[in-house]
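According to TrEMBL, the features are:
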- 12-262: domain 'G-protein coupled receptors family 2 profile 2' (DOMAIN)
- 14-34: transmembrane segment (TRANSMEM)
- 46-70: transmembrane segment (TRANSMEM)
- 90-109: transmembrane segment (TRANSMEM)
- 130-150: transmembrane segment (TRANSMEM)
- 170-191: transmembrane segment (TRANSMEM)
- 212-229: transmembrane segment (TRANSMEM)
- 241-261: transmembrane segment (TRANSMEM)
Amino acid sequence: RVSHKISLETVQPYILFVGCVLSIICLISFIIVYGCFKSTFSVRVLILLHIMVALLGKSVLWIVIVGPTIFPNFFDYRSLDWTCNVVFSLHFYTLLVTAFWMVVLAHYLNQKLTRKHCLRDKFPWVQYMLFSWALPVVLVSLWATLMVTFDETTCWINYTKSRLFWVISFPLVAAFVVNFVYLINILRVFVKRISLVRSPTQQKQIRNAKRDIVILFPVLGINHLLFLYNPGGQIGKYYMFFHAVFQSVQGILVSLLCCYLSSDVRKSFWKGVRSCCFRDERCHANGLNSTHVPAMIPGVQRKRVSFAEGL
């Protein structure tokens, strides 16, 4: 029994490290691919890019946190009090930014589904940027100030034992609860519209909607609601193990579900490829012509067309 406990505790940092490294690779590839086709960005893709950047920062911070356990000969951030506190402050900042951008995505999808006129309105980027990037700065700064003033510990590695942790945990829990409410409303509208399905085209849209709803669970962070409470004891060991798994692979899941396995995003990508190729006559000389564009894109001709026509 003792060896079983030790094995769980020993494996946990390595799971975090390997999962975060793979997440970083997937997230960077997503950002690079779509950074080359800015004209194909929709509002949803732009929101996802912000989530990707936040998840990328979170994965890097997790590697820094577990690094001394895996590579003890390298610099240990815990050796200096200020580096320890800075690392955990940045870690909580990335957690809050990720959660808040997920709220923005849930709000946008809910508005798009329930209010048709919102598609004609200009998306309030300034307000959402302040909410998702600036508000976490205020919350983390408040938490750090309270820790310096009222907490006697020098390194904040045992932050969960502090009574001041509610400054971070309450906004996180609130964000995930709001996302859950949005998801319930999306399911409500979805079930209501199923009864109105008549044509084969509508049935295909319903099948796609079912897939998108399943994708929303990890994208909106609903799975974090399963890890709100650590029961402690032997069950707590398994709690920490599965929590490490979900934390490390979140970037991989979001990248796969929202990028590589998403038909809408693939179509946007190939639209950008088609636009770049047919705007540049030299692409034919390089061996990339209209026959290399996948058959999933309708209306592809050998003549040169503009991106606006491609849309």
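Glycine too: its Cβ is placed from the backbone N, Cα and C atoms.
Here the transmembrane segment (170-191) does not touch the transmembrane segment (14-34). Their Cβ atoms form fewer than 3 pairs under 8 Å, with each pair 6 or more residues apart.
Same-chain residues lying 6 or more positions outside the transmembrane segment (90-109) and placing a CB less than 8 Å from one of its CB atoms are 43-44, 47-48, 50-51, 54-55, 57-58, 61-62, 65, 123, 128, 131-133, 135-137, 139-140, 143, 168, 171-172, 175-176, 178-179, 182-183, 186, 216, 219-221. Computed over the domain 'G-protein coupled receptors family 2 profile 2' (12-262), the whole-number mean pLDDT of the model equals 83. Taking every listed stretch (46-70, 130-150, 241-261) in turn, the largest tally of C-beta pairs under 8 A with the transmembrane segment (14-34) is reached by 241-261. Residues 13-14, 16-17, 20-21, 23-24, 27-28, 30-31, 34, 76-78, 87-88, 90-91, 93-95, 97-98, 101-102, 104-105, 108, 132, 219, 247-248, 250-251, 254-255, 258-259 of the same chain lie 6 or more positions beyond the ends of the transmembrane segment (46-70) yet place their CB under 8 Å from a CB of it.
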